[in-house]
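Enquirer: I'd like to ask some things about the structure below.
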Amino acid sequence: MKCKKIIAACVLATLGIALMTASKSSLLYLWQLKHTTPLNQWYATLCLVLVVPEVASVLRTLWGSTLLVSGTLLHWPSIHVTLLGIFTAILESAAMTFFTLQVASALPAYSVLPLMHVLLLLQILIDQWKPSKKRSQSLVDPSKQGDGSVERRILNSVASAFGLVVFVVLAALLVVLEVADAAEAVSLVASFLALSVVWCQPVRQHMLCADTSSLATRQNVTLLLGVVKVGSLIGFSILTSTMGDDSEDLSQAPQFLWSGLKEMGGNPYLMWGLVLHSATNIASCMLTRLGAYYTATRSSMVTPTVLSTLIASALFIAQCTELGDVGLSLPHCSVSNSHVAVLVVALFLWAIPFITLRRTYFEPSDVIFRPEVENFYTTSYHSVCFDQNLYLNYNPYSVMFGECLHVGATQSRVFICTTMYREADYEMEQLLKSLSKVSKSQKLKKANVYMESHIFLDNGADGFTLKEFSLQLMGLVEICFSVARAESVIHKTPCGIQITCVLPGGMPLYLHLKDPSLVKAKKRWSQVMYFKYILDHRIKVTSRQRPTVHTADSIRLHVNGKECTGELEEKNGEMLVQIRTLLKGLKNERSDKTTLNTPDRDSCKDVSEQSSDQGIDVEDGISTISDSSSHKDQTKAQDDQPSDNKGSRTNDNNRSSPNATMKQSSSYGSLLSAHLLQHSKLNPAYVPDDDEEKPPKWLPAFRSRPSALSLTASEVNADGPSEPVVFSITDGLAEDDTDYTSLQLDEPEEPPSYDKNTYILATDADMLFDDTAVLDVVNVCNGDLRLGAACGRTHPMGKKINPIVWYQIFEYAKDFWMIKSAQNVIGSVMCCPGCFSLYRAEAIDQVVKHYSEPTTRAGDVFTKDTGEDRWMCTLMMMRGWKLRYSTNAVNSTYCPDNVEEFIKQRRRWILSDFANSFLVFRNLPRLMRSNGCFSFIYSLYLMQLFIIVIFSPGTTVVMLTVGVELLTGAPYHITTPVMSMVFVVYGLLCCVLSPSMQIRITKISIVVLGLSMSAVVIAAGVYVLIDMFKSIDDGGLSLVEHYLLIALTGSLLYAALIHPKECYILIYGIIYLFYFPAMYMLLPLYALCNIVDQSWGTRDNQKAKVPKLVCFPRIRRKKKKKGNKTPSPGSCENLAEDPDAVSEQIKALSEEEERFWRRMAARVIGKDINLGLNKEDLANGLRKLRNKVVVVVMIFNLLWVVALSFFYLWSFGSGESGSQISAYGIFSGVLYAFSFFIQIVGMTVYRLQDGAHRLGKLIYGTEKPHYVRCVDER
């Protein structure tokens, strides 16, 4: 780690020195060119030097500003503060303009840079006598200024005041030595004093309201002052250009400066100097921000600012003397005795701030990964006084918009929730393998992440009968996890069947098999089930039993008032066990009595509870285990233990038991004979052979609290016995006489038990992911508490090799590369797909009530039922949450591998995209007011995307017909009406033909249009290359008519370049071109014409592969015999017969969970509850909606084709070759350029930010607390 830091410091310092030296040297060079270049060009160049940073600051602020929304207009300071800001902006512009354009060029170049350090003296003087409450956030932190004594402060004050006096004396000396005239000397003093006052922290804080927690106020003021500065700099540059002997009159000054701006392109010295200075200034600014982000200010700020000033000045001294030639042709450059005197005084003034500040010069923050809004007051930088403005803008001590957090200091809870429908065995197996990796992950345990998995299977049970896909799933669970029948517990719930077990590695797994006769089907209702189940039950259970200390390497055993530490050892690398304190607060008549005979131990004899190795009980059948010789021995041990230990035990149990005031009950458990232990195996999946002597069946049932256990523990080896000790216990349950019908469903709910680090990881049933992906999205959400959800990078894959799979690979990559990456930066990701997304429990709790509303209008079905993940994200954004994408959370999913299934899937996706895009478009003003991510630029971007989606069919028609004309010469005015007619006829056929015939016609159309598009693109590429070569031969290169095609191709190459691990995907771009017309012209119309079809589209005809032997206990529903009816071979009744199934393995739920499920079934998910529209009304409403939407979309697109055609044909009148394609290119550029530019810039910025953050974590680790963003940017 130390070596990495040293290397990083060397790299930052080297880059900083090189960039700042180049920036300062180019500035000095530009000053010296005043005497050899035309004045109008020189003034225009220096004006740009001053204006460029302010324009960049305005654009950056405007990027995230919502100034035009009424809700944000309230975030303005008072009138007098606003007027003060405008006055200071004008004063700063005047001072900087006069210094840059008049004074600096008259002084010796090598003395100007050291002289600028005078700007720091006033701030240092103020810091010494500022009240301690305000000084605590100043640049010079009193707690870090040596001993902070009064003597030290007096000495610093004297040094600063003396420096100011020396500076005034130097100005007079310049006049005496005839280095500058009196006007220039007065301008120097006035400019530096004005800048010192304007840039000092009290004025800056008051002007920007930087001491408040409203970032919107700071943004609005920065935007206003930036605009004022740009105007003021231009105005004062015009005014300054009139000063001098050869200058123009004031009335001619604007024309004088404008002519210089137009002519400066012909002066290579000015142009290259300007480009070099601007580029290195921007790069230096980025480097200093990166250094502050890493808290590496010593190497990125201190070293470069000090050495670059000395090096740049030394280079000019060497050039102006005979010491050496550095390659610069510098006129008016000499070193006289008077110049040497000025240089000596300037170096003395330059050294005073370092003497007074010492180690507090760019003091690094104690918190790593602080954003720019925390480290700096404004986002601006200065092109002339770069070092001084950077220092006075730096603020390392305050934390206004976030909090500090040590990595791993708090536990994160992640509940993996998966919905299943009719997935194939290989799809289910992929998910289970992912869960196995997560359960065994030491990386997640080290990061203090508690994991729990829940799978909800639609149509999984019919009463006590397990259906075919349930049997398939259970068989795969046994194969993938090696979980035996004795390690699972079955519960009959008001919603179906629940099967629980602990996976190898310690993660609890819950299988929820929905009974369609009891609860509603469909994915959304499964999501509502697991949202409510996690929020209202599992989080509360895990919160009550959450351990205060959790380690993965040791466990505490409380025995007879003593503590001993036993090493946790893995059994075949599978499961860790934590043994905790015995639960108290259970009534005697509801306690289980268990006795377990184990080998004798001197150090640890009483074992309290066993849980999953993550330190949280899984409850209901796999929650507790007790090890004691007898109830009598335990009671005696408790009576003999010291009172302090008793109190300790009571406190521990109060944390884990909701009824802490009850008295301790007797121990509970089941009596297992030594015969059982004799046949126990180390492998938890062990099942005795038929000819092997089996352990006895479960002991007779006894009265119990509705809780049971089935858990296999790893070795607990405190003293290192020679023989391993293996526990395998399953409690039986007698008939429970609890009357659940009398449970109160309307009792007041408890307050939320979740914290900010509690999440639900929603996955599809065919996902492949690992612990790295899970930990990545967890870290992303933990690092920004504004995030309601985060998604990962999904890679599609097919069971078969097919071009349609290649198309989807390229499409996914393009969308993730450009769209989601850009949305990350410019606002918020619009959709975190349900295939792999981490949702914050707090965000879900705010929207789940709305999310579980029934469908009351026909159009709602596309947002609520077929686009549920997109709707969930829209609801979150309306609540102010931000969504994010993480490119490193890599996961994979199966995609359709044949065209028919692909068409059906996209029918559902396209309708959902249309509906949710319209929903966002309709609620855009509300989103802009309530969500800080919806800036003005981002809102424009979304509106343009919505327009592009609506008009994509018409745009595709014109693209094809224009290409056909270029390729074959077919007249555009003939091919376009024909293609438009084909578009209309196809839509009409989709409205009247059967689904199978629609699929056939669509397939044929895809082939024809795909071949046409491929030929058009290839021909257009050849045409562009030929035309470019001709233009080069003619002596010029005009790319106007070709820029669209070149930009599209170049953008994809650029996107692949900054995603080097995925650049091979570009190969599939050829297939993407083939399917382009289908995706943007055929399938949107096909989807709209099939609005009435509400089938899922995929897996509807899937068949399960039921295993021959399922080692889970099976449940057979008893039926009366009705003749000799023979069940079908695939019947789950036959498959459910198992001679080893015993009724004792069926456990009742706890009262709390039973009450929860009954309340859910009665209020939300019951089959006859909360239904909404019936099928008939829904179908009628969808038919009416289809007729309206299809007609409207066709009319809009036909009008769009007419508009494009008019513009295209009108361009023929110019009579120039290629003018029509040029006009079309310009028109298309106006339409698409804005969103295209936003995506390119956003993608680039995101890759840089993400790479910088991950590199920082790799280099600097977790030594310092990490910054966590927790306040809305508004």
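Glycine is treated like the rest: Cβ placed from N, Cα and C.
Relevant sequence annotations retrieved from TrEMBL are reproduced here:
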type: COMPBIAS; residues: 590-608; note: compositional bias 'Basic and acidic residues'
type: COMPBIAS; residues: 629-639; note: compositional bias 'Basic and acidic residues'
type: COMPBIAS; residues: 644-670; note: compositional bias 'Polar residues'
type: REGION; residues: 590-670; note: region 'Disordered'
type: TRANSMEM; residues: 41-69; note: transmembrane segment
type: TRANSMEM; residues: 107-126; note: transmembrane segment
type: TRANSMEM; residues: 154-176; note: transmembrane segment
type: TRANSMEM; residues: 182-200; note: transmembrane segment
type: TRANSMEM; residues: 221-239; note: transmembrane segment
type: TRANSMEM; residues: 269-288; note: transmembrane segment
type: TRANSMEM; residues: 300-318; note: transmembrane segment
type: TRANSMEM; residues: 338-357; note: transmembrane segment
type: TRANSMEM; residues: 932-952; note: transmembrane segment
type: TRANSMEM; residues: 972-994; note: transmembrane segment
type: TRANSMEM; residues: 1189-1209; note: transmembrane segment
type: TRANSMEM; residues: 1221-1246; note: transmembrane segment
Enquirer: Given the cut-off of 8 Å on Cβ pairs that are 6 or more apart in sequence, determine whether the transmembrane segment (221-239) and the transmembrane segment (41-69) share at least 3 such pairs.
Expert: yes
Enquirer: Counting only residues 6 or more past its boundaries, what in the same chain has a CB within less than 8 Å of a CB in the transmembrane segment (338-357)?
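Expert: Sequence-remote neighbours of the transmembrane segment (338-357) are 107-108, 110-112, 114-115, 117-118, 120-121, 124, 140, 156, 159-160, 162-163, 166-167, 170, 173-174, 177-179, 306, 309.
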Enquirer: Taking 41-69, 107-126, 300-318, 932-952, 1189-1209 as candidates, which has the most Cβ pairs under 8 Å with the transmembrane segment (182-200)?
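Expert: Between the candidates 41-69, 107-126, 300-318, 932-952, 1189-1209, the best contact partner of the transmembrane segment (182-200) is 107-126.
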Enquirer: Take a look at 107-126, 154-176, 300-318, 932-952, 972-994 and tell me which one has the most Cβ pairs under 8 Å to the transmembrane segment (41-69).
Expert: 932-952
Enquirer: Based on Cβ pairs under 8 Å, which of the stretches 154-176, 269-288, 932-952, 972-994, 1189-1209 lies most in contact with the transmembrane segment (300-318)?
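Expert: Stretch with maximum Cβ contacts: 269-288.
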Enquirer: When only pairs 6 or more apart in sequence are counted, do the transmembrane segment (972-994) and the transmembrane segment (932-952) reach 3 or more Cβ pairs under 8 Å?
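Expert: Contact between the transmembrane segment (972-994) and the transmembrane segment (932-952): absent.
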Enquirer: With Cβ-Cβ distances below 8 Å as the criterion, list the same-chain residues six or more beyond the ends of the transmembrane segment (269-288) that contact it, or say none.
Expert: 12, 15-16, 19-20, 22-23, 26-27, 29-30, 33, 37, 41-42, 45, 48-49, 52-53, 56, 300-301, 304, 381, 383, 386, 390
